[in-house]
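Trainee: Just dropping this structure here.
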Amino acid sequence: MARAAGLRALVGIEAAGRGRRVAASPSPGGTPAASRGLPGWPGFCGVGCGSSSSSSFAPPRMQARRAAGSAARTRSPSQSNGWITGGSASEDGRLSWDYSSFKGRRPSMEDRFSIKMTTINEQTVSLFGVFDGHGGSLAAEYLKEHLFENLVNHPELLRDTKLAISQTFLKTDADFLESVSSNPFRDDGSTAVTAILVGNHLYVGNVGDSRVVALKAGKAVPLSEDHKPNRKDEQKRIEDAGGIVVFDDTWRVNGLLAMSRAFGNRALKHYVKAEPDIQEKVVDESLEYLILATDGLWDVMRNEDAVSLLKAQDGPKAAAMKLTEVAHSRLTLDNITCIVLQFHHGKSTNSN
């Protein structure tokens with residue numbers, strides 16, 4: 001994502017998860033949580049703080065424990081000419097998912113994604129996220145490696161999931177900025193949109209303009225709202241903090257960044273926060289699919305169009321590929337990454 005003038009990009013693609021080989025080119029077709037000290041999070045240090053490993057952050061009773069056996073059935077990884085795709089299904093058959101990530105017309109790949117299945121105190125927790133880097137891939141890569149690791153070690157994850165998500169986003173942002181503080185010539189940033197499943201509750205947290213859209217009762221239902229500088233509440237927040245919102249091919253914070261919240265972006269941090277908006281939904285039988293995607297998809301596709309394409313496909317594998325192919329065919333200029341998550345209510349499924 002080209003967001004700020006003069007910021008460098010890194011070449012290459014790295015993403016969590018595993019996949020399968022595909023063709024080289026597509027066919028046509030609230031109140032902030034404290035970011036310092038983190039009240040209510042005693043003993044949490046966070047990535048980049050001291051020498052402790054992530055496994056030592058939380059009290060022992062809340063340590064994330066891997067479920068007996070494999071948490072998910074996963075296909076072999078594959079990556080070819082800027083593409084990476086793949087998918088898995090949960091052991092209990094209630095979830096299946098696929099992802100498709102493509103460099104597209106950009107010279108470098110700044111998107112990342114992460115998928116994590118774990119068990120905490122006998123409660124299954126499933127975490128899905130996409131991260132769209134700008135000014136380089138350092139921030140997106142850091143989120144891929146650390147955001148969910150921090151979250152599953154938060155001592156309040158099961159009791160107060162919204163608090164845990166908010167504090168983890170802010171802490172991980174502070175940790176990232178500390179990790180790159182010795183390099184004044186880099187000012188990478190990233191979006192994050194996440195879907196966290198704890199029991200039958202879904203928590204969607206977003207920072208920036210990546211998006212989650214649900215197929216619910218046959219209709220497209222957005223579960224996140226893009227953080228754009230010209231959104232009235234965001235513009236007021238930025239201007240109250242002393243920043244400005246100006247139009248330069250699109251609306252930008254201080255004439256630079258085309259989103260109003262992000263991880264990283266040290267030079268604009270006073271205006272561009274990593275505080276997430278969080279939505280909580282109960283998972284019932286009307287919830288069929290989720291699409292998590294970067295704006296390489298949403299810039300050229302309405303929510304309703306994406307859901308229509310999804311409904312015409314046979315499962316998440318075909319849907320993830322089709323969404324990416326169509327976005328590319330519509331001449332998106334950005335990297336494209338999407339995760340398609342399917343809910344199987346009252347039945348089990350085998351991975352493809």
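Keep in mind that glycine also has a Cβ here, set from the backbone N, Cα and C atoms.
Grabbed the feature section from Swiss-Prot, which reads as follows:
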- ASP132, ASP295, ASP334: Mn(2+) 2 binding site (BINDING)
- ASP132, GLY133: Mn(2+) 1 binding site (BINDING)
- 23-37: compositional bias 'Low complexity' (COMPBIAS)
- 53-75: compositional bias 'Low complexity' (COMPBIAS)
- 96-343: domain 'PPM-type phosphatase' (DOMAIN)
- 18-37: region 'Disordered' (REGION)
- 53-87: region 'Disordered' (REGION)
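For the listed features, I'd like the structural context: burial, neighbours, distances.
Mentor: In three-state terms derived from DSSP, ASP132 (Mn(2+) 2 binding site) belongs to an extended strand segment. A sphere of 10 angstroms centred on the C-beta of ASP132 (Mn(2+) 2 binding site) encloses 32 other C-beta atoms.
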Trainee: In whole Å, note down how far the CA of GLY133 (Mn(2+) 1 binding site) lies from the CA of ASP334 (Mn(2+) 2 binding site).
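Mentor: With distance taken Cα to Cα, GLY133 (Mn(2+) 1 binding site) is 11 Å from ASP334 (Mn(2+) 2 binding site).
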Trainee: To the nearest Å, how far is the Cα of ASP295 (Mn(2+) 2 binding site) from the Cα of GLY133 (Mn(2+) 1 binding site)?
Mentor: 11
Trainee: Can you tell me whether DSSP puts ASP295 (Mn(2+) 2 binding site) in helix, strand or coil?
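Mentor: Assignment for ASP295 (Mn(2+) 2 binding site) reads helix.
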